[in-house]
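S.K.: Quick one: the structure is below, and I'll ask about it shortly.
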Amino acid sequence: MAIVKDFLYNNLKHNIEAGKMQYGVALETTSAEVAEVLATTDYDWLFIDAEHGPHNIQTILNVARAIAPYEMTPVVRVGEAAAGTFKQLMDSGIQNIIVPMVESGEEAAQIIRWAKYPAEGKRGMGAGVVRASRFGRIPDYQQRIDDESMIMLQIESLKGMENLDAIASTKGVGAIFLGPADLAVDMGLGPNILHPDVVAKMEYAIKRIREFGVPVGTIAATPEQAKHYADLGVSFFALGADTAFLASAADSTVTSFKAELEK
């Protein structure tokens, strides 16, 4: 049976490398139907949040299958980093993984070892029988996957900021994702990502990471803040979430009808 699509080609990675801004949306629920609805929009990538959402490997795989016919690229943020986590996700065909709360160069190096095949890493070999290689039908899977995958390390604490250089300079890091909400909390400011002190930390981090030639992603509270960070070098954003959209639309609808009917 012929393979009619290059399943390994990583749209998100190549578009970032080509200088095309990439817009992402978070999936906090485990619904494959909601994921497919989001895949019909103009968002470029789906932020499958297995850190704060109740995802497991099966729900992640169901979501990835649901959006596979579309141009949207799946990105999984794991709850915690471990060798087994990387094997399961990557063998299931997930090529873009965000690891939260990375705080040192040593942590960064260990994560990359879990994600890469020897000699660059220690990822176990099971490619011949798993979805990632389309069950052995992509003969050059092992040769290509390390170049096509993108492992993103999330810096979101004061300690992570202190060790930014060591993290960003780690060989094999695909991108750095900055988490201003946790950073703000760590600074004693609550989740206020618009606070001037948080913005100053973010500005420094973005410019410094770009000096290492590493792509930077983050979230933004407003279009104006996103534009400011993009001007500094951010090339991909996570903007909004399925649960927030649903709550906002529900509130707006019932409020408008109540306002008219209860005059």
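Placement of Cβ uses the backbone N, Cα and C atoms for every residue, glycine included.
According to Swiss-Prot, the protein carries these features:
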- His52: active site, proton acceptor (ACT_SITE)
- Arg77: site 'Transition state stabilizer' (SITE)
- Asp91: site 'Increases basicity of active site His' (SITE)
- Glu156, Asp182: divalent metal cation binding site (BINDING)
S.K.: So what sits near the residue listed as 'active site, proton acceptor' in its own chain, CB-to-CB under 8 Å and at least six residues off in sequence?
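M.R.: Counting only residues 6 or more apart in sequence, the Cβ neighbours of the residue listed as 'active site, proton acceptor' under 8 Å are Glu28.
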S.K.: Over all shown protein chains, what is the count of other CB atoms within 10 A of the CB belonging to Glu156 (divalent metal cation binding site)?
M.R.: 22
S.K.: Which of these recorded positions is closest to Asp91 (site 'Increases basicity of active site His') if you go by CA atoms: Arg77, Glu156, Asp182?
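M.R.: Closest by Cα: Arg77.
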S.K.: Around the C-beta of Asp91 (site 'Increases basicity of active site His'), how many further C-beta atoms are within 10 angstroms, looking at every protein chain?
M.R.: 19
S.K.: Where Asp182 (divalent metal cation binding site) and Arg77 (site 'Transition state stabilizer') are concerned, what is their Cα separation in Å, rounded?
M.R.: 15
S.K.: Return only the integer: C-alpha distance in Å from Arg77 (site 'Transition state stabilizer') to Glu156 (divalent metal cation binding site).
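M.R.: With the alpha carbons as reference points, the distance is 14 Å.
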